[in-house]
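Trainee: Structure below; questions to follow.
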Amino acid sequence: MKVIRTIAELRSEIQDRQQSGYGPVGLVPTMGYLHEGHASLMRKAREMSGTVVISIFVNPIQFGPGEDFETYPRDEARDVALAESQGVDVVFIPAVQEMYPQPTKTKISVAEITSLLCGASRPGHFDGVTTVVSKLFNIIKPDYAFFGMKDAQQVAVIEQMVRDLNMDVTIVPCPIIREADGLALSSRNVYLKPEEREQALVLSGSLRTAQEAIQQGQAATAGEIRAHLREYISRSPLADIEYAELLTFPELVPVEDSYRMVDGDSPVIMALAVRFGRTRLIDNALIQPKVGGSHV
Ligand SMILES: Nc1ncnc2c1ncn2[C@@H]1O[C@H](COP(=O)(O)OP(=O)(O)OP(=O)(O)O)[C@@H](O)[C@H]1O
Ligand SMILES: CC(C)(CO)[C@@H](O)C(=O)[O-]
Ligand code: BAL
């Protein structure tokens, strides 16, 4: 496995591997502090690609003022070891100066679906994401790019960008990986104090019980499910709900309270963002039409 820090060296390494006939290139973009969620993306990339590249870059332009850019957890040595254990071929770890030698005057911006959910509370966040992901696509030219469904809105936004701009890459959404007790893995989980970590189970718990309520016919409408999610999460005194929404996926159109879950033609996503002190957690689950749900 090669650890590469410059764009020029990365381009030349990928070109060499292409000329040697390694086949499709798979990219897993990350911000590092890798965990089993990232490892599952690397394994999927390994299955589908001859060359697996992961990027580790805490992208300053997707953080707002007062967010955690400076304190975002970092552990390069551990990350490199984990990537190697998953059979990754190239780890790209650029410095901020390498990706942004001058402040970027060009931004990629997806409209509408970035103004709700995480986009509402983190203005400019998705412009930062789509801009850096476009840069990575231009540098690496991957055939496949792998993204986790934990960041479901990010998947919808990137798929929209790829369609709108005719980018020659296939986006592969990958399932959410959870701790044994249900908490979705996230680099930011390390911020949680023990009591917050315990109470953070209300996110996955509310999604799981909502799905059970739909399957058992106890919650038939979107309004009932919204009420269930809010009531369940509010049992945790430390939880501060930022949003608990139901929307069509991947279009991200909010569904009305009167919408009956069994009548839908397209999947509906239950999407949550909840703060515990200074830690903001997200989670979600898809309800498949007519079936009544997947498992959390
Ligand atoms: N639990 C998970 N299951 C599946 N994919 C995940 C999981 N956590 C993160 N990912 C995916 O890994 C990729 C890189 O995400 P990132 O490095 O931001 O990790 P993260 O744990 O989500 O960090 P943070 O909590 O700070 O957002 C994204 O596509 C993200 O959706
Ligand atoms: C896709 C990404 C690596 C872009 O910085 C980031 O938003 C993330 O880690 O999900
Ligand atoms: N996983 C999304 C990256 C971020 O929170 O900035």
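Even glycines carry a Cβ here, placed using N, Cα and C.
Okay, so TrEMBL annotates it like this:
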- 31-38, 148-151, Ile177, 185-188: ATP binding site (BINDING)
- His38: active site, proton donor (ACT_SITE)
- Gln62: beta-alanine binding site (BINDING)
- Gln62, Gln154: (R)-pantoate binding site (BINDING)
Trainee: Which binding-site residues among Leu34, Gly37, Gln62 have CB under 6 Å of ligand 1?
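Mentor: Result: Gly37.
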Trainee: Specify the nearest of the recorded positions His38, Gln62, Gln154 to Ile177 (ATP binding site), where nearness means the distance between Cα atoms.
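Mentor: Of all the candidates listed, His38 is nearest in space.
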Trainee: Got a sec? Which of Leu34, Gly37, His38, Met149, the recorded positions, have CB under 6 Å of any ligand 2 atom?
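Mentor: List returned for ligand 2: none.
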Trainee: Considering the binding-site residues Met31, Leu34, Met149, Ile177, which residue's Cβ sits among the greatest number of other Cβ atoms within 10 Å?
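Mentor: Top count of Cβ atoms within 10 Å goes to Leu34.
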Trainee: Can you tell me how far the Cα of Gly37 (ATP binding site) sits from the Cα of the residue listed as 'beta-alanine binding site', in Å?
Mentor: 21
Trainee: Using a 10 Å cut-off, grab the number of neighbouring Cβ atoms around the Cβ of His38 (active site, proton donor), all chains included.
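Mentor: Step by step: centre on the Cβ of His38 (active site, proton donor), count other Cβ atoms within 10 Å, giving 26.
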Trainee: Given the recorded positions His38, Gln62, Gln154, state which is nearest to Ser187 (ATP binding site) when distance is taken between Cα atoms.
Mentor: His38
Trainee: Output, ordered by sequence, the same-chain residues six or more apart from Gln154 ((R)-pantoate binding site) with a CB under 8 Å from its CB, or 'none'.
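Mentor: Same-chain residues close to Gln154 ((R)-pantoate binding site) (Cβ under 8 Å, separated by 6 or more) are Cys118, Phe126, Val129, Phe147.
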Trainee: Given the recorded positions Met31, Leu34, His38, Met149, which one's Cα is the least distant from that of the residue listed as 'beta-alanine binding site'?
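Mentor: Considering only the listed recorded positions, the nearest one is Met31.
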